[in-house]
Amino acid sequence: MVPQVLLFVPLLVFSMCFGKFPIYTIPDKLGPWSPIDIHHLSCPNNLVVEDEGCTNLSGFSYMELKVGYISAIKVNGFTCTGVVTEAETYTNFVGYVTTTFKRKHFRPTPDACRAAYNWKMAGDPRYEESLHNPYPDYHWLRTVKTTKESLVIISPSVADLDPYDKSLHSRVFPSGKCSGITISSTYCSTNHDYTIWMPENPRLGTSCDIFTNSRGKRASKGGKTCGFVDERGLYKSLKGACKLKLCGVLGLRLMDGTWVAMQTSDETKWCPPDQLVNLHDFRSDEIEHLVVEELVKKREECLDALESIMATKSVSFRRLSHLRKLVPGFGKAYTIFNKTLMEADAHYKSVRTWNEIIPSKGCLRVGGRCHPHVNGVFFNGIILGPDGHVLIPEMQSSLLQQHMELLESSVIPLMHPLADPSTVFKDGDEAEDFVEVHLPDVHKQISGVDLGLPSWGKYVLVSAGVLVVLMLTIFIMTCCGRVHRPKSTQHGLGGTGRKVSVTSQSGKVISSWESYKSGGETRL
């Protein structure tokens, strides 16, 4: 938004010059001339456009854009990122503990983010604690996982508000734009699925602080409002106005680009989608005051001329030029034909350039055609010079015209924020690198017995264990077989039913070989 503030000083606002300020007014409709006495002469009220007979003025209040330079409508916000911190510990056979930290992300909920932000703003001491990693627990020969879910708040994160559709513009949004802020949806998605953007103030409308209340006078006829006199004293017509919302506030965009919010009973059409309004700045406001002062000065000059006419009982073309209405609308036109003072009802329109009313030498265009003169005299002090050129007294006075040109040059449209990206995105305009964390519950998970080996190592260990068990089994079976073999032999011999006995050298009978062996050994 290239906001600079709208001030619309339309002295001839409602004229069909579409934003151009007039340098002169001339009748586009001129009634029949009738003779009058000098006492019927009067000075027009140039501060009110007496169009359509709306001469009833009543005080009222209206809302307009604030005066002051607005480079952009800034909305302070913050980003909220969901982070899961995982601490994994393993304790081996001898009690050695290994800890590994990992981080993952998750998409946070708006309510949790708002609560975390409120903690931060309130200076809750739990924030300092929540910045730490989860405290790791451990168990012998086991892997223990401890996790914490944290909400990382980064602020400030500033976005630009478009007053026309209340959309937000920032680099953090997908495609640079967010249109989802409503009463039911109070956040914007960002370029990351696990990060959302939220305004610091849940009521987004409070960020659009660009309006001010003013007092003026409503011009109406019956129940119809034709226009109003603004707080600075200038009349603004509602002819050609259309309805337009700014920051969700319904108002009227006038022909000169002014935006006002006021109650009217007339049915007004909506403005086209691409219709913009002008800004209101101090410079334009100052020029508008100068224009009002100039109009007041012109009225004083008119009263002086009228007083001179009454005192001298004489009228000149130059004095009659002071009685011309300076703003569009209904008024009077005066002239002198054959030494007779004449008056006619007229409806004045604005003129942008002198060529509009003097297209060629000797031609004064009124109502689309060259107006006839009477002995070189037109009206309102306009005469035909000796060289055949049309002479208008106001062509010699350009002060009011200069004010209007200055005013016109100061009117700047209230544009969309991305119309000039350089005014929105500046180098180094990034959020400060500080983080506040909101950590809810801590989750702990304990695994089964873990020897700390990789998956292939576990298979090797199991295979080796099986092999060792098999070898031990074979060894035990072998040993047991050797121990039981002699008993098996003895049992076999007894099974034959034969008994072997021998006689020793001493003549003693030995019943068996074992007895003999033991007896022999004993004697030995």
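Positions of Cβ are set from backbone N, Cα and C atoms, glycine also.
Every protein chain considered, the tally of other Cβ atoms within 10 Å of the Cβ of C43 (disulfide bond) stands at 19. A coil conformation is recorded for C43 (disulfide bond) in the three-state DSSP classification, outside any helix or strand. The disulfide bond annotation in Swiss-Prot covers C43-C302 (among others) and rests on similarity to another entry.
The annotation disulfide bond is assigned in Swiss-Prot to C54-C226 (among others) on the grounds of similarity to another entry.
Contacts of C80 (disulfide bond) defined by a Cβ separation under 8 A and a same-chain sequence distance of 6+ are given as P108, A112, C113, A116, Y117, L151, V152, I153, T195, I196, W197, M198, in order along the sequence. Under DSSP, C80 (disulfide bond) is assigned to a strand (E or B) in the three-state scheme. The disulfide bond annotation in Swiss-Prot covers C80-C113 (among others).
If you draw a 10 Å sphere around the CB of C178 (disulfide bond), it holds 19 other CB atoms from the protein chains shown. Under the DSSP three-state reduction, C178 (disulfide bond) is assigned to strand. The feature disulfide bond is assigned by Swiss-Prot to C178-C188 (among others), with similarity to another entry given as support.
What Swiss-Prot records for C208-C247 (among others) is disulfide bond, and it gives similarity to another entry as the kind of evidence. Taken residue by residue with DSSP, C247 (disulfide bond) is part of neither helix nor strand, so it is coil.
With a cut-off of 8 Å between CB atoms and residues at least 6 apart in sequence, the same chain places L252, R253, T268, K269, W270, C271, P272, Q275 near C242 (disulfide bond), listed in sequence order. Per Swiss-Prot, the feature disulfide bond maps to C242-C271 (among others); the stated evidence is similarity to another entry.
In sequence order, C370, V390 are the residues near C363 (disulfide bond), counting only same-chain partners six or more apart with C-beta under 8 A. Among the features that Swiss-Prot reports, disulfide bond is placed at C363-C370 (among others).
A simple way to gauge crowding: the CB of N56 (N-linked glycosylation site) has 13 other CB atoms within 10 angstroms, across all the protein chains here. Look at Swiss-Prot and you will find N56 (among others) tagged as N-linked glycosylation site.
Per Swiss-Prot, N-linked glycosylation site is recorded for N338 (among others). The Cβ of N338 (N-linked glycosylation site) has 8 other Cβ atoms within 10 Å, all protein chains considered.
Summarising the annotation, Swiss-Prot assigns S-palmitoyl cysteine to C480 and lists similarity to another entry as the type of evidence. Neighbour list (C480 (S-palmitoyl cysteine), Cβ cut-off 8 Å, at least 6 residues apart, same chain): empty.
Feature annotation from Swiss-Prot assigns signal peptide to 1-19.
The topological domain 'Virion surface' feature in Swiss-Prot is assigned to 20-459; the stated evidence is sequence analysis.
Model confidence over the topological domain 'Intravirion' (481-524) stands at 50, taken as the mean pLDDT rounded to a whole number. According to Swiss-Prot, the feature topological domain 'Intravirion' maps to 481-524, an assignment based on sequence analysis.
Feature annotation from Swiss-Prot assigns transmembrane segment to 460-480; the stated evidence is sequence analysis.
Ranking the disulfide-bonded residues C43, C188, C208, C302 by the distance of their Cα atoms from the Cα of C54 (disulfide bond) places C43 first.
For N338 (N-linked glycosylation site), the nearest of the recorded positions N56, C247, C302 in terms of C-alpha separation is C302. Candidate disulfide-bonded residues: C188, C247, C302, C370. Fewest other C-beta atoms within 10 angstroms, C370. Non-local contacts of C208 (disulfide bond) by the CB criterion (under 8 A, 6+ apart in sequence, same chain) comprise I73, L161, P163, K166, L246, C247, G248. Of the candidate recorded positions, N56, C188, C226, the one lying closest to C302 (disulfide bond) when CA atoms are compared is N56.
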